[in-house]
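Copied over from TrEMBL:
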TRANSMEM  25-49  transmembrane segment
DOMAIN    140-381  domain 'AB hydrolase-1'
ACT_SITE  SER220  active site, charge relay system
ACT_SITE  ASP346  active site, charge relay system
ACT_SITE  HIS375  active site, charge relay system
Amino acid sequence: RQCLAMDLRMLSRELSLYLEHQVRVGFFGSGVGLSLILGFSVAYACYYLSSIAKKPQLVTGGESFSRFLQDHCPVVTETYYPTVWCWEGRGQTLLRPFITSKPPVQYRNELIKTADGGQISLDWFDNDNSTCYMDASTRPTILLLPGLTGTSKESYILHMIHLSEELGYRCVVFNNRGVAGENLLTPRTYCCANTEDLETVIHHVHSLYSSAPFLAAGVSMGGMLLLNYLGKIGSKTPLMAAATFSVGWNTFACSESLEKPLNWLLFNYYLTTCLQSSVNKHRHMFVKQVDMDHVMKAKSIREFDKRFTSVMFGYQTIDDYYTDASPSPRLKSVGIPVLCLNSVDDVFSPSHAIPIETAKQNPNVALVLTSYGGHIGFLEGIWPRQSTYMDRVFKQFVQAMVEHGHELS
């Protein structure tokens, strides 16, 4: 056995030396290999610069909002350079949670009561060390709404808080019922069509800091919820502005896209298991309303929504729920400045369902549409750990609204 091991080591070493010699002499030494590599690099660079790196499409319903963004949020008019080795939508979507950093954030948790006897978990970042806004009563406040099964621990939320900290702002994260470790006190969870919990949170936060500029940012389902709220309430909101990222505009189209075989395999099934896990923790609360065994056998988000969400919120059919959950029809009624960032290669939000014509009819709405970026991806740079294009849009927009929002009045 020792002789065999020694022979294998010698063979391995000789093979390595041979290959090293062949690569050095036969490949680079002849110049052919170097020419191939250089040629490929030039061709790829040309393709990337001509077809991948593009300026986003800016769609606004009014010239004043467009001019405001060009002046104070120039990132929406600049070329977006997706990560050169990972620009495709699915790749960006899958990579972001693993590659982006998670800045440390110390939260202060608050549980608030709801009218139906339930409770909502809010995670506050007070930013008491702010040097720009030392008076807490007037410190700008950003309400953050995570995605479908997201919480205050998501990397994109932590990045928004880190950027807000740099600006001197305070943040509060609205965790949907039952997802952040708190107990469910009533047999009710959440959905993006029902805005009652969001209205409760907005009223609560505004009552605490009524003199502070108040903005909101929603990601994915959080953005859908935010837009549905704004579409219902119009201008009668204490929010001065809002931003959304990777919103699903038409729930039917989103579902259809996510049910394509590859998308189901990569995203749909996993998210369905996350939803099942989040409700199964509180299984005892739902047994009188829902057939939980049937819910736990769902293989897609649509099946989960049909068996659980639509039943929970009293819809007759899944189609009734999906119609009510889609923000697109309500966009025309939004009464405050809203910036919506989407990528047209986002499989969660198909480009054909983005309400471009509706946005053109509302002077308060701006759509920023990138060619690439995926779903909450928007990675850029060689090694996109610290910042994304989405982060830069968020920071510039909230700062623009806090410091120059009066120009839109």
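Backbone N, Cα and C atoms are what each Cβ position is placed from, and that goes for glycine too.
TrEMBL entries are annotated by machine, without manual review.
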Far apart in sequence but close in space: which same-chain residues, 6 or more away, have a Cβ under 8 Å from ASP346 (active site, charge relay system)?
GLY89, THR93, SER246, GLY373, GLY374, HIS375
SER220 (active site, charge relay system), Cβ-centred 10 Å count of other Cβ atoms over all protein chains shown, is 26
HIS375 (active site, charge relay system): tally of other CB atoms within 10 A of its CB
25
